[in-house]
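Enquirer: Take this structure, written in structure tokens, and hold onto it; I'll ask about it next.
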Amino acid sequence: MTIAFGRFIKEENDLFDIMDDWLRRDRFVFVGWSGLLLFPCAYFALGGWFTGTTFVTSWYTHGLASSYLEGCNFLTAAVSTPANSLAHSLLLLWGPEAQGDFTRWCQLGGLWTFVALHGAFGLIGFMLRQFELARSVQLRPYNAIAFSAPIAVFVSVFLIYPLGQSGWFFAPSFGVAAIFRFILFFQGFHNWTLNPFHMMGVAGVLGAALLCAIHGATVENTLFEDGDGANTFRAFNPTQAEETYSMVTANRFWSQIFGVAFSNKRWLHFFMLFVPVTGLWMSAIGVVGLALNLRAYDFVSQEIRAAEDPEFETFYTKNILLNEGIRAWMAAQDQPHENLIFPEEVLPRGNAL
């Protein structure tokens, strides 16, 4: 029998292989094929946001000051959404609205669509980066799957919701106080806190925080060696030879506390993955529903009885009145181009007034 020794010589001028070798090379900051999407999009999204919050006014779109140049601070500066009249235009710099004029493009709100679209693709690129690295080091892709949850929330809130409404104008602007205003808008116009998908989202996020705190404390509790002095801070000693974390000890502890406890590390950590990811996905689904103007729970019988009986009021009916007040105030303030005027007699008031 003849055995031939040698190696397969690949075509040295294969551009794909040259690119693949350079992109996936082991270096301090991994680039990868996903980096071709991630790094440019993240750079443009962050650069657009810093540029907008520093220099660009919202006077022409919202009648507001929104930049450091105009006197805003970190909490009040924002990259604001385009004007309502521009509907769902992509607001390309070379498009019919700005016609290549950068100053006009900024005044019309072009930076918002620029940041939103590059931000969305940047987040997707980051998820693909986790897929790519997991495949390279032979890990399962649960990190990327988990990161799909914040991507779903971003896309549903910043893109799908305004697509279901009359324009990008009704999306959140990119700023701290601007996001708070958007939350108030969601409550007043959609009664978001009474939406079951919001409830599932809150349960997921707060439940995940609770699980994270419990898990971290339990691991720290059982990390240092038994019988070596009950000093909490020994858990932070970096010179310990090996990990002494005991799943059995943790299981016995929580069995005594709650009567039940996780007995399997895989199930425990899957549950910690499942709770926040499912909560965020449910929130995203709920926001898609709001884009279509689907309503939350309505307890009409309580509203009718409150209207008929001055002595009957519930927390629900009080919240409905509060929502009416938000709408009456915010519609006129938030959409000055509509010239909305609400006479005193239509403004909401509680039964006590």
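Every residue gets a Cβ built from N, Cα and C, even glycine.
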Enquirer: Swiss-Prot tags one of 153-166, 181-194, 321-334 as transmembrane segment - which one?
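Expert: Checking Swiss-Prot against the ranges 153-166, 181-194, 321-334, the transmembrane segment one is 153-166.
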Enquirer: If you check Swiss-Prot, which stretch out of 19-39, 103-123, 208-228 is marked transmembrane segment?
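Expert: From Swiss-Prot, the annotated transmembrane segment range turns out to be 208-228.
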Enquirer: Rank the binding-site residues Gln130, Asn143 by the number of other Cβ atoms within 10 Å of each Cβ, and give the residue at the low end.
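Expert: Among the binding-site residues Gln130, Asn143, the sparsest Cβ neighbourhood within 10 Å belongs to Asn143.
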Enquirer: For His269 (Fe cation binding site) and Asn143 (pheophytin a binding site), what Cα-Cα distance in Å is obtained after rounding to a whole number?
Expert: 12
Enquirer: Out of 125-141, 153-166, 279-295, what stretch is closest in contact terms to the transmembrane segment (41-61), meaning most Cβ pairs under 8 angstroms?
Expert: 125-141
Enquirer: Using Cβ-Cβ distances, find the residues under 8 Å from Phe262 (plastoquinone binding site) that belong to the same chain and are at least 6 apart in sequence, listing them in sequence order.
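Expert: Listed in sequence order: Asn251, Trp254, Leu268, Phe271.
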Enquirer: Using a Cβ cut-off of under 8 Å, list the residues of the same chain at least 6 residues beyond the transmembrane segment (153-166) that approach it.
Expert: 81, 84, 87-88, 116, 119-120, 123, 172, 280, 283-285, 287-288, 290-293
